Structures are given as C-alpha cells and as structure tokens.
C-alpha cells in the first residue's frame, strides 16, 4: 500500500491535525479507540494509507505529534480521539519556543529533533511502500515554523525521493498573534521553497472572512476555523484514501500541479461551505458546486485569484455524480474565464471524482489551484519583514539563539525571487516562445 506519514507540530499544527484525524476516522468508520464500526469495503479498501493495523484489529493513525511544550499535547490526549494515537508518538519538550523561529530551528527544537526522527523512522519502517509525508504546522510561531521546517529538511535528507506535502497556516495581516510573525514566516518560507514538494497554503484571515461572510458567524472561534481546514484537508486527501480514478497519490498530484519546481504553493477552496453542526437542507448540483469552489470568496488564503492567472488547478468532487457532467462544468469554467488561465499550458485543470461524500453532505468539491496571485501573500509578508528588518527590530531574540543576520538576508531575497518568478509567469504569453503554429495565438 502507498502509505502517508502524518506529522503535526506546534500548537496550530496539533490543533488542525487532531481535527483532521477526527474527520478521517469518521469517514472510514473508525471509533475513537481504533475499532472498525463499518463493514463497507470502500471505507476499508485503502485504510492502510493513513492507518496501521495493530493487534486485535485496532487501527492506529500513522501520526507523529510534536511540540516544544506539553500544553497542546495534553489537550490532544484528553480530546475525543486522544486514545487512538500511539502513546510513543507524542514527543514534546518543556520549554516552549516562545514564538521564536530560531528556538524551534536551532536551539530547543534541535535538541528534540532526534527523538522525533526516531519515531518517524520507526513509522516509516512499518510501511510497505511509503509514498510520502504530510506536515501540519503554522509559519507564524516558533515550533511549527522553526522546528517544523527543521524536521522537513532532515526528512528530505533521509528520504530524498519521497513526497513532502505541507498544510501551512500563513500569518494574516489582520489576525496577528505576535509581532515577529513576518520574520518567522519568511524564514520558514525560505525553507519550504527548497525542501517541500507541495504546500497547501491556509491563512486565518481568509478563514475568518469565510466565517463572517459566508457562514454568517458573528464571533468565529478557532474551532470554527479548524472545522473549515479539516474539511479541506479531508477533501485534498480523499483521492488518496478512497479508490478513485484520478490523482490517486501525492506524486500524481504534484505532476499535475507543478509546472516549475519552486512554484509549489497552492490555494485551496471547498464547497459547499457549512458551519459546524449545521444540516445541509438542499443538495447542491454539480454546476453550483463548481461555481462555488472557483469563487474567490471560497479560497482559504488571503489572495485573490482574479489578480493573477492559474498555471494549473485540480478539482476533486465527492459523491454520486456523473463524471461527464463534472468534465463539462470544468471545461465551461475554463472557457468562460479563459483570461484567468495561462494559455501556454493547455488543459491545465484536472478533475477527479470519489464516490464517498463527506459526513452530512451528499456531494462536495475541493479545489487546489496553482495561481500566480499567491504572490500577494508572500509580497505582504515580505513588506512587513523588510519594515522590521531595516531597523533590525527584535533581531536580538534571533541572534541570541546563534542565528546570523546573513540568514535573514538570504531568506528575504529568496522570497522576493519567488514573488518575481510568479510575476514573470503571470505576464508570460505564448507569443514569447519561438514556435510558429501557422495561426499565431494572441496573448493578453
């Protein structure tokens, strides 16, 4: 089986990661103790991707949980699915990273990293044919960002040919947790460009907007945000967990979505958007789902796809529906909005259908887009970074942990390069190539 090893780090990573497991257990009919409640072949057919079968028929998530302080771990353990994880797979320190990337990457995190790698190795040895890793973390804090990227680079060294997928929560302009977020995010981004294969970009501001605007929640909690994220994560991974026709593993996903190796930051969207505990009264049609999921208001990160162009995209539908109708709708979107797709990658939207809908819905769709407009996020973080880095504000917290200013400068220029690469492909037209097909296509 093509197993995926799940790793969650830091407070944010552990919270969205645990929520993800609640959703996945539910979809595969596994109760909080790891016992199977369902007799359905579809649910159990590819159960080994995320679960290891232990003695007595218990299914244990292939999950590694790490943090530099015990708090979040304790709440995961006492949470609804706390008993399902392997107790040895909780690895935590006592000191915390104090929102300092350098503590996570160089000092506190570096002391704990070997024990994390031991558990990762043990889990990897349990796999027949490991296809890759997925990491949940945020980029604004210290542990998920600093130690998360340290772990990613160590795994990259040890398993160079396995896929590395991340669910990365970027800091948001309006919803700020700490003042040094731009530093932490830029230092992490620098690492993710080099060491990750595919990054699903999430951010709290976009999630808050969805809660306010679409779900009409007046005071959304992190629980509501995590509900949205876990729905999206479940949608992104459903083609890996259930039998399906298209995008059935992490590598196929990457091949379909990544035209240039550095441009692997994806926007994700989900439809229909529902709030926690609500009942869906009306089944949406395939055209409605398609329209909703391409809507810029449905994107889980604060960048507007209308400000850029799609290099590639992938749409995953779930539920009983006709694949022909799905293909027609996707084609329809491309024809109607052709200026938002680069014309030099023909047929750049892939669609897939998985028969099992998520709990409580009869159909749903998940969207993954590689859009040049994601540069808005990097540009925003980089402006905040530069504003603080010029006067060297807060820098002593990082140099005090042994970091060099040079590393800041390198990270800054790597992120600026990334932004200009996105811009370059956004502006590129088919004309610039030296081919002549007799007709001469028109650029914009």
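Positions of Cβ are set from backbone N, Cα and C atoms, glycine also.
The number of other Cβ atoms within 10 Å of the Cβ belonging to residue 69 (GTP binding site), over all protein chains shown, comes to 19. The feature GTP binding site is assigned by Swiss-Prot to 11, 69, 138, 142, 143, 144, 204, 226, with similarity to another entry given as support.
Among the features that Swiss-Prot reports, Mg(2+) binding site is placed at 69.
As annotated by Swiss-Prot, region 'Disordered' applies to 422-444.
According to Swiss-Prot, the compositional bias 'Acidic residues' annotation covers 429-444.
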Residues that sit under 8 angstroms from residue 143 (GTP binding site) by C-beta distance, when 6+ apart in the chain: 9, 10, 11, 13, 66, 67, 68, 69, 96, 97, 104, 109, 137
Where residue 69 (GTP binding site) sits in the secondary structure, as DSSP reduces it to three classes: coil
